[in-house]
Amino acid sequence: MEAGEGKEPVPKQRQVLIFFVLLGIAQASCQPRHYSVAEETESGSFVANLLKDLGLEIGELAVRGARVVSKGKKMHLQFDRQTGDLLLNEKLDREELCGPTEPCVLPFQVLLENPLQFFQAELRIRDINDHSPVFLDKEILLKIPESITPGTTFLIERAQDLDVGTNSLQNYTISPNFHFHLNLQDSLDGIILPQLVLNRALDREEQPEIRLTLTALDGGSPPRSGTALVRIEVVDINDNVPEFAKLLYEVQIPEDSPVGSQVAIVSARDLDIGTNGEISYAFSQASEDIRKTFRLSAKSGELLLRQKLDFESIQTYTVNIQATDGGGLSGTCVVFVQVMDLNDNPPELTMSTLINQIPENLQDTLIAVFSVSDPDSGDNGRMVCSIQDDLPFFLKPSVENFYTLVISTALDRETRSEYNITITVTDFGTPRLKTEHNITVLVSDVNDNAPAFTQTSYTLFVRENNSPALHIGSVSATDRDSGTNAQVTYSLLPPQDPHLPLASLVSINADNGHLFALQSLDYEALQAFEFRVGAADRGSPALSSEALVRVLVLDANDNSPFVLYPLQNGSAPCTELVPRAAEPGYLVTKVVAVDGDSGQNAWLSYQLLKATEPGLFGVWAHNGEVRTARLLSERDAAKHRLVVLVKDNGEPPRSATATLHVLLVDGFSQPYLPLPEAAPAQAQADLLTVYLVVALASVSSLFLFSVLLFVAVRLCRRSRAASVGRCSVPEGPFPGHLVDVSGTGTLSQSYQYEVCLTGGSGTNEFKFLKPIIPNFVAQGAERVSEANPSFRKSFEFS
């Protein structure tokens, strides 16, 4: 994109920037302020205080980045932001900077930012009398024929003084003599030319040579002077002066002409003969620059280059050439040499302001201010600036070849953190020359990215009975920012369930996101829980994100089967009555057991471990029902003791035993026959009856209370279903010898017992129903129930 050529419509968002740029241009276009200083003033000397002219207070100078800029790479001035003083950066030599030009003015600008303003000013360098008049030739030779009549004027070599104004050359004097006096003539360009005027005729025989001292004086205070010896040789008569073919020669020569190139050939002729007709050529009134640049052949009049030309330094030369014959007569001509400019200078770029580091997300922000220049002329000095097209920057022309580099669209460090910008300045010469200036802009980070977790949710598995401080898993989040904006800190967020004691369950390492269990977990108390973790960066303001963590507690076989019926609490043993007329398969009783574990650890199997008479009774492995294995006979003992083993399917398996007492009776309507070891007293029979009734009533009441409590707990849990996790239970058919007691044990069936008890005066018969325990429906492969602290040892199974 090229600045200075066709411009696209300015977007609305840049109106503010353009306003300040135009404001700066408007101010820059005002009449410049003038300041002056004498040349050769010491570096650091005070020039002027700019506060009043700038219309600023001292405190605003640093804020607005006030600085002095000027064309070229050399900075002659410096600006003190603390005081507003304009100071010299170095000694200034007026003759070196401006030569004979008067006045000697150095333009400069004061650049202000925020908003951008240019303050135009000029520094005039006053001349001091630091140069004396100097004659380039310390001896001036004049050959004057003795026939010259009085009143004849002779032009002599003038002195040169680099100072200007009153300090320049003002007067000449000649030493006292009888033959000549000095006449001063002003030329058209204001130069004083000394001339010798003959007062009386010369006589070579009387005085063949006259020596005079010519003194040049300047107008300084005190004046300076320079002298030269004027040696006059009186020669014989020569009545024809050399005449040039042209009084003015105009030539053009390219500035890249090689040394030794011919510039021009001048030619003069003399009508005299002999030595009076022999012509020699020499420079007349030639400055030091002319003598350094050109060489003149005394015999041929050929003007040659002595050194390379430079259009940017000197564009024209006026060379005075004098032709002198052997008799001392001379004539002059002028060779006007015009140096032709070539495109031999590439453009120059001077950076005034450069901001190397820019925060991201900024737009229409000033990056750099620079100026361009080309010492060539015409199209060779016209320039255009450009940068790469694929960058979010654009160039804005300002005033007097000043440009600003501005951000066009907001930068994003995460997309690109560094830009290498090449500013190309190209002139319109042939061939086109260009200069490239590279700058690097670093995009600094702004906290515009929140940490992002690698997963939106994490599922962690922990086996119960773990050791405290166990590492159970990790969460991880990354931040696309850099530095402190990318440093992530992890934390636990308050749980949604106010009853979940999260602070006592888990902790998180704030630096790396490692999660630790603070206590030993109990599956039977808490199967699963979930919580949220936060990740926050250290930016300002800090950004954060969160993720869900689900912790599933895996069951361990840490609970042995618990026999609910018959009670094994050490009280009076439970006695089951079986009629001797019972058929094989007759249901004697049912051993009811539960296991606090889940899944395979809660699958229970039953087997008959001991029996008074093996083969008479059997236990169904899958439901714990005790049934008769064959017909009973009179030979079978009336009292039997059975030991039933209840075993789970864990690894290693855990077990419990239940002891049953079975009493064989002939019929429920007949009197009760005491066991052999029982006392025949009627009081003992009555006591046994009371024990049986109390035991059965207690078991029934216990089951009823358990069912009611379980239903209440389930209803309470459903009200908190939003925070309930999921847990898997074994699927597929159970093994044939196992029964699933998850939530129900073996109490899923209702059954009856008929009991015949002998009273004191007759036979009483009654029946009662066992309480029905409802089936607990499995919650699915992913459902996990929350722990209820008040129901830890109750019928809570998954």
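Cβ atoms are placed via backbone N, Cα and C, with glycine included.
The signal peptide annotation in Swiss-Prot covers 1-30. According to Swiss-Prot, the feature topological domain 'Extracellular' maps to 31-692, an assignment based on sequence analysis. The domain 'Cadherin 1' annotation in Swiss-Prot covers 37-135 and rests on sequence analysis. Summarising the annotation, Swiss-Prot assigns domain 'Cadherin 2' to 136-244 and lists sequence analysis as the type of evidence. Marked as N-linked glycosylation site by Swiss-Prot: ASN171, ASN420, ASN438, ASN569. Positions annotated as domain 'Cadherin 3' by Swiss-Prot: 249-349. Annotation comment: Swiss-Prot describes LYS299 as N6-acetyllysine. Taken from Swiss-Prot, the feature domain 'Cadherin 4' applies to 354-453, supported by sequence analysis. Under the heading domain 'Cadherin 5', Swiss-Prot lists 458-563. Residues or ranges marked as domain 'Cadherin 6' in Swiss-Prot (evidence: sequence analysis): 570-673. The transmembrane segment annotation in Swiss-Prot covers 693-713. Sequence annotations record features per position, and here Swiss-Prot assigns topological domain 'Cytoplasmic' to 714-798 based on sequence analysis.
Put plainly, the glycosylation sites ASN171, ASN438 were compared by Cβ crowding within 10 Å, and the winner is ASN171.
Separation of the C-alpha atoms of LYS299 (N6-acetyllysine) and ASN420 (N-linked glycosylation site): 62 Å, rounded to the nearest whole number. Stretch with the largest number of CB pairs closer than 8 A to the domain 'Cadherin 5' (458-563), among 37-135, 136-244, 249-349, 570-673: 570-673. In the structure as shown, the Cβ atom of LYS299 (N6-acetyllysine) sits within 10 Å of 9 other Cβ atoms.
Spacing of ASN420 (N-linked glycosylation site) relative to ASN438 (N-linked glycosylation site) is 7 Å (Cα to Cα, whole number). Fewest Cβ neighbours within 10 Å among the glycosylation sites ASN420, ASN569: this applies to ASN569. Each residue contributes its Cα atom, and for ASN171 (N-linked glycosylation site) and ASN438 (N-linked glycosylation site) those atoms are 56 Å apart.
For the pair ASN569 (N-linked glycosylation site) and ASN438 (N-linked glycosylation site), the C-alpha distance works out to 94 angstrom. Across the domain 'Cadherin 6' (570-673), DSSP classifies residues as 4 helix, 49 strand, 51 coil. Secondary structure of the domain 'Cadherin 1' (37-135) per DSSP (helix as H, G, I; strand as E, B; remaining residues coil): 15 helix, 37 strand, 47 coil. The DSSP breakdown of the domain 'Cadherin 4' (354-453) into helical (H, G, I), extended (E, B) and coil residues amounts to 4 helix, 50 strand, 46 coil. Across the domain 'Cadherin 5' (458-563), DSSP classifies residues as 8 helix, 48 strand, 50 coil. Counting residues of the domain 'Cadherin 3' (249-349) by DSSP class, helix then strand then coil, yields 10 helix, 45 strand, 46 coil.
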